[in-house]
Amino acid sequence: MNARKFFRSFRYAFAGIKEAMREQNFIFHIVATVSVILAGFYKGLTITQWCILLLVIGGMLCLEMVNSALERVVDLASPSLHPLAKAAKDLAAGAVLLFALVSVIIGVLIFFVA
């Protein structure tokens, strides 16, 4: 891979992040991220707690972007309502919800139990 293609891939990645910023759920997660980071500074988290928290935050944001990408691909492939298209979208949304619930549990453990 030459340097031009390498740096072009970053441009595409940033375009993807910009596209995600148009999603209501992604904005919600960004606001939650800022709130959690501020709370982490206030509480004085350990380096281990910060690492766990940042992994969870990064995972949540990435999963939300993958969910949005999958929704777009499903919409493109199946413009009409199809049971398999619905199932694919529901599965992706369920994955986001499950990760969000686990993230909340991890946050409670870090901020209130540890």
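Using the three backbone atoms N, Cα and C, a Cβ is placed for every residue, glycine included.
Within its own chain, Glu64 (active site, proton acceptor) has Ala20, Glu23, Asn25, Phe26, His29, Val96 as residues 6 or more apart in sequence whose C-beta sits under 8 angstroms from its own. DSSP gives Glu64 (active site, proton acceptor) a helix state. The active site, proton acceptor annotation in TrEMBL covers Glu64.
Secondary structure at Glu71 (ATP binding site), as computed by DSSP, is helix. Within 10 Å of the C-beta of Glu71 (ATP binding site) there are 16 other C-beta atoms, taking all protein chains into account. For Tyr12, Glu23, Glu71, Lys89, Asp90, the entry in TrEMBL reads ATP binding site.
Residues annotated as divalent metal cation binding site in TrEMBL: Glu23, Glu71. Secondary structure at Glu23 (ATP binding site), as computed by DSSP, is coil.
Per TrEMBL, the feature substrate binding site maps to Glu64.
Per TrEMBL, the feature transmembrane segment maps to 26-41 (among others).
According to TrEMBL, the feature transmembrane segment maps to 91-113 (among others).
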Other CB atoms, at most 10 A from the CB of Glu23 (ATP binding site)
16
Given the binding-site residues Lys89, Asp90, the candidate whose Cβ has the fewest other Cβ atoms within 10 Å is Asp90
